[in-house]
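One structure below.
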């Protein structure tokens, strides 16, 4: 194949690729067990011969392996990955049109018409064009119905996760059709397949269910670095750009508790919340923080691992080596022997938020933590990545209950004293006033008349 070559690998269970220049397309399927040049079906001609000597302008592959070759004179040629022959599609536009094919994020094929400085888009109905091409054929599809549940292009699996795929094919009896499941690097997955048949009135229905579960994978990636501010949490990695698949987030509660949650990302796209257990430590040796739950409070059935116990067992190792998936032991599995001291602080965290960090409230501080997943059932591509996150705690004033109670009693005592003093002062003033009864009694009236009569006698 002389000239400048382009190449594209195809996402498939068995490695496949397409390579082309201006005149021909070379294919290599199923790990190079099938290879050759794409020819036009029925004519056994090269692509340039079918297009009246034109050359290849574009080759576009969608998510399902549908491949469209656009020649410079706008002739469209179609084939599917792992097919050896291609077909010429009905003419769509004139040769003089300046057209570019574009595969949009939804997987649909668009045609961009370029006219000077303006561009407008039209949807290219690939499926309709294919049906138009095969409408006059005498070939009959060997099956009546074919259905499956593989709706997504990508499925994310972690240790312990399982995904189920099913496929159903309905065909006329004795044709012997079946579905085949191929897996790229099958040693990475545990696969269980269940197949059952049903035949009724000459129609055969074959159902196949495939259960896939991931097995441990150990892949070490070069870590990257990024800095991002999230609430009062600064996520730090120490090498370059936002490409690590693990991000640690925090939820600040009343400034006193800090609940850490780990999320998994694929680039900038959220994948899932990591449910595995993880540990963390302050890389500069600060120890003025604590945890809010004890082993007994979280429900441990025996004494859990702590930094002190791990340091005693591994005196000559670094903090990154003494505790990890290789020696993690869950405290929720009972064993024979003493339970240990369950009143110690529980130093393992997860997404539940039952265990949180506690900060000192007397002063502000900056803490840089290293986080590490210790659950052995969650080991994968991000296990060995160093993840640092920085937390800035702020001083706030916490009311002292004794001081508040004493101050309240003092205020109430002063107020009560003022009321008592006011009462006695009022009584004293009242008693000092001369009181004259406006309606005197009968005795007082007789005494008054008697006094008046005596005064008259004296006169």
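Just so you know, glycine gets a Cβ as well, placed from its N, Cα and C.
For the domain 'CATSPERE beta-propeller' (4-130), DSSP puts the residue distribution at 9 helix, 61 strand, 57 coil. As annotated by TrEMBL, domain 'CATSPERE beta-propeller' applies to 4-130.
Looking only at the domain 'CATSPERE Ig-like' (146-209), the predicted model's pLDDT averages out at 84. According to TrEMBL, the domain 'CATSPERE Ig-like' annotation covers 146-209.
Marked as domain 'CATSPERD/E C-terminal' by TrEMBL: 261-378.
Here TrEMBL flags 404-424 as transmembrane segment. Sequence-remote contacts of a segment are chain residues at least 6 beyond its ends whose Cβ falls under 8 Å from one of its Cβ atoms, and the transmembrane segment (404-424) has none.
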